[in-house]
Amino acid sequence: MLLSVPLLLGLLGLAAAEPAVYFKEQFLDGDDWTNRWVESKHKSDFGKFVLSSGKFYGDQEKDKGLQTSQDARFYALSARFEPFSNKGQTLVVQFTVKHEQNIDCGGGYVKLFPGSLDQKDMHGDSEYNIMFGPDICGPGTKKVHVIFNYKGKNVLINKDIRCKDDEFTHLYTLIVRPDNTYEVKIDNSQVESGSLEDDWDFLPPKKIKDPDAAKPEDWDERAKIDDPTDSKPEDWDKPEHIPDPDAKKPEDWDEEMDGEWEPPVIQNPEYKGEWKPRQIDNPDYKGTWIHPEIDNPEYSPDANIYAYDSFAVLGLDLWQVKSGTIFDNFLITNDEAYAEEFGNETWGVTKASEKQMKDKQDEEQRLKEEEEDKKRKEEEEAEDKEDEDDRDEDEEDEDEKEEDEEDTTPGQTKDEL
């Protein structure tokens, strides 16, 4: 069967538009994830990941992910996929993070490694290609890391991208394009974008200060100068402090015992401070001298800053003080639209019901605490009333005793008489 040229081109176009999905993990097959993910044995006390949807969720099955389960631990877990290079194509890295433990200090990022990584020996110093995701530690660190390894050096972004710091699930997306531009999205909304060359110090600067240039000796940068015609008034100089004219020597002052009496000093009302001549515009002012720049001979453009020869492993290599973070919905692809759609079909579908469940739990907890508080107050009031009743009974007994004593004493006296 022969196909027409337009139809053939259309089919080829559809094939070309098909997204390449290099890695996708949603943990929808129970414990089978343990066959795909490898624990590092570099340290014997790495923390353990467990499969969990957490204390609250939008869908108990769909929201299951890898959860950190031990406090104050390093974690090192990774999954391998078919190696690929992003040369000539877009790279999209996406995943969800939920810090349901209200994290105080810990990482929520991922690392992409080359195929040479020994997964069973993965650790904090293992060389990676890209590190991306949220990192929180106290009030001072709440950022999204975007770190590229360029020629063996880890290069941090020059911008500060703030991460989400609540207890809900959030979608993090990094897009790296072959035109050396990038985009960072949180919850499918752009929070940062720009040029790799501009926002990271991969390359030496294009321009440098001309080493042969120097500011001319007669270059005057003073906008104002002292008025040469101005002079200090003759009566300007007055002492800052003077003896108090109203002070009097105490009548009982004994100079032989107390020494010579000196009046206390006070601020001089006529003191004017240091005299300075008035300022006038400098007729020789030339402005601030700007060091001329020249092309940096060490600068060489690199059209392939974005590109890596090998991506083959996604790893969770992080530290957490308080455990409970859940990682889910991992995706590595070359298609921005597909990643956005995948985010909407996963995080986007369950986010509202997740919040509803959390709100319901919070309300139930609030009511429980109110009931417990009410019960505690009632018990305290009952105890107070019981103590008060006991005191009243004691007082009544004391009164009766006193009355009996008063009645008995006169009778005894009469009998004795």
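The chain as shown is numbered from 1 upward.
Quick reminder: no glycine exception, Cβ is built from N, Cα and C everywhere.
Among the features that Swiss-Prot reports, N6-(2-hydroxyisobutyryl)lysine is placed at Lys64, with the record citing similarity to another entry. Around Lys64 (N6-(2-hydroxyisobutyryl)lysine), the C-beta neighbours below 8 angstroms that are at least 6 residues distant in the chain are Phe27, Leu28, Leu51, Ser52, Ser53, Asp328. In three-state terms derived from DSSP, Lys64 (N6-(2-hydroxyisobutyryl)lysine) belongs to neither a helical nor a strand segment and is classed as coil.
As annotated by Swiss-Prot, region 'N-domain' applies to 18-197.
Annotation comment: Swiss-Prot describes 193-277 (among others) as region 'Disordered'.
According to Swiss-Prot, the region 'P-domain' annotation covers 198-308. For the region 'P-domain' (198-308), the mean pLDDT of the prediction comes to 94.
Per Swiss-Prot, region 'C-domain' is recorded for 309-417.
Taken from Swiss-Prot, the feature region 'Disordered' applies to 350-417 (among others).
Here Swiss-Prot flags 191-202 as repeat '1-1'.
Under 8 Å from some Cβ of the repeat '1-2' (210-221) lie the Cβ atoms of residues 282, 284-289, 291-294, all in the same chain and six or more residues away from its ends. Annotation source Swiss-Prot lists repeat '1-2' at 210-221.
What Swiss-Prot lists as repeat '1-3' is 227-238.
Under the heading repeat '1-4', Swiss-Prot lists 244-255. Long-range contacts of the repeat '1-4' (244-255) within the same chain: residues 261, 263-266, each at least 6 residues beyond the stretch ends and with a Cβ under 8 Å from a Cβ of the stretch.
Here Swiss-Prot flags 259-269 as repeat '2-1'.
Residues or ranges marked as repeat '2-2' in Swiss-Prot: 273-283. Residues 220, 222-227, 230-233, 236-237 of the same chain lie 6 or more positions beyond the ends of the repeat '2-2' (273-283) yet place their CB under 8 Å from a CB of it.
The repeat '2-3' annotation in Swiss-Prot covers 287-297. The repeat '2-3' (287-297): residue composition by secondary structure is 0 helix, 3 strand, 8 coil, according to DSSP.
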For the region 'C-domain' (309-417), DSSP counts of helix, strand and coil? 80 helix, 19 strand, 10 coil
